[in-house]
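Among the features that TrEMBL reports, repeat 'WD' is placed at 58-99, 100-141, 142-185, 416-452, 481-516, 561-594, 603-635, 650-691, 692-733. Look at TrEMBL and you will find 745-875 tagged as domain 'U3 small nucleolar RNA-associated protein 13 C-terminal'.
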């Protein structure tokens, strides 16, 4: 092993974490747009929109949440669960204000009137009820629907005092709060009503009603006559509808489009196709539309007059389950079926921010390398304060999406499609021209090569939420590699010389070497031809051009070989690019000469399947980890032939080790496993330096930035945790403790020398010095003026918690020795006088301590009795 001295890390500190906060169900934005209340299993989380952090967790009653809403001022949250319990919460403190039972069956919808004084609840019992928020009693109970009441809406003009409800059978009813009766029955929908809106006209009036349902149509109604005015087919089961005032419509589709029909009614819909569409009542086509995720790429808005690509339409990934307006009315919040919250801004229908409520399992992660592409070196992007920015994080979340996260905010800034199956593995490297190359392997039997440099640069410069960069950031797929006949669970990119090749393996037991350099050259040639065909000089445009659509090229394979008897779990490439390694469930890891995949050795020694393999960046060492809970270090000297010896075995994990990385210039290793632990190891000593508990389930993903300054871990608990090197902080804290301890030790010596026994006792107990404490107590007891008991009482009077527990343990040790039992008995007498039985019983281990004290005290009293009898002349 090399003896290169490198800074040794002692520990890591969790700096940020992305956890599950939304698991499907109701999700509502506060009226000021700063908070989101989202159902998470049987609880509700209050989440900051700006940071994605959970501010409060409102506990449930073991039953799923069925409905929730905000008060107008944002100070209260109303929730309902399947147990029929409704709760009112203080949103600022997270405390429960009161609970009540609203219906005899679960509540399906909740809403607050424009004045903020009334709450409506609808239920599966076919009724709708209105409640006084402050006083908590029911003011109205409306019956008449033939099916479950799914949605409700108050008239925005509080003077109208009207409520509108929709049911599962497609019926819509209008109710008068003043007359307490139904004033209109609107029957036209053929399926469950999902949204009811009252649009505000340009003159401020509101005498129309817009309803949508899962029957793929939107109806417009006249509230004065209760008759249908028009019907607009939206060609999808609409799950949400938001009416737009002229200003909001102009922000989303442009002022010119609104000026053409200023008095028209505009609204946006979202539904099963994963599209946001803006409509103008009376037209047969959407004025503007946007698909949030398409197969292979992300598209922006299409405006009136442009033909929609129906084939792409059908390929939209994910469906919307609700649509809500933002606080200023100039944006939209769309919630998807896969627990994502998409915030669409004004200007065009583009995603400005994305919060992921549930990332599912996090399978793999890697920090994106960001370089300037210079010939003589490379530097990271820098932020405004001149410090290197933290690199963006590429994450595979057991889905077909390749996501990019901003570590500073833990928010998703890019989501790219292309794979048709879940991504199982990924690796990163710097390309020959500074590209942030990412190679992914998927269940769809393919590998894909991506350039995520624009996404990484957007994160590093703080532009990840500007101009639609939150969705695309210019990242693209460059090449697709085909040839595997099973899921690709292992990929590795060469880390030097512009990443000329890659290695992959999977369920087909085959290892393949891919020609990355050839794919990059082919993509550059195809790009130049496409630009020339479009009449554009490719040299003047370093990035993409809107008029030129590029498709991924074919990623060619240099070699292929049957690598193992079972599926390949992981792959790695040595720093010098001459060796590759694969590991498998057949309990072995194998070495290969690259690029021809010539066998170079087999590493045998693990008792169960091998899950991870990594080359040291500085030494001829390879590390493997497996289901037997061990990490093994092997010599991989290519001059030694096929014989590779195990140098050391690292033991410390309590379950299978799933991932590992070399850090600190190869002198340390970090690993994660099925036990959810992050363990830091020393390569030379083989000992665990630090063990950190970061996950509640298997920790699959482990990423290291630079040389280990920052780590990221992810696992089956859907939690993504960011760790920073805490060695300096720990050393500083340790130095402070040592300095404080030294000062206290000197004060103890001074107090003992000057006869300040009470002060010396306090200092000795604080330092944990039982010998010095006993000496001080014995000196107090031997006070010639007889103030020993008073001093002991003063010493014992303020003790509690851990201090009291420590004091009792010292007394127990003294009482076990006949030489020191007198001091122990005096201390016990003082404790029992000043502390109650209940207080002493709350001390940890007090029962066992008292039993020990009792046994030795009985022995001391018996001995004292014998000594006393020995003093008698006659018995």
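Yeah, the Cβs are placed from backbone N, Cα and C, and that goes for glycine too.
Heads up, TrEMBL stuff is auto-annotated, nobody curated it.
These numbers come from a predicted model, not from an experiment.
Most Cβ pairs under 8 A with the repeat 'WD' (561-594) among the ranges 100-141, 416-452, 481-516, 603-635, 692-733 are made by 481-516. Counting Cβ pairs closer than 8 Å to the repeat 'WD' (603-635), the top stretch among 58-99, 142-185, 481-516, 650-691, 692-733 is 650-691. Non-local neighbours of the repeat 'WD' (142-185) in the same chain are 108-109, 111-115, 118, 120, 122-130, 191-198, 200, 206, 209, 211, 213, 215, 221, 223, 226; each lies 6+ residues outside the stretch with a CB under 8 Å from one of its CB atoms.
Packing against the repeat 'WD' (692-733) from elsewhere in the chain are residues 7-20, 358-367, 390-391, 393, 395-397, 405, 407, 410, 658-661, 663-665, 668, 670-674, 676-680: each is 6 or more residues past its ends and has a CB under 8 Å from a CB in it. DSSP places the residues of the repeat 'WD' (416-452) in helix, strand and coil in these numbers: 0 helix, 21 strand, 16 coil.
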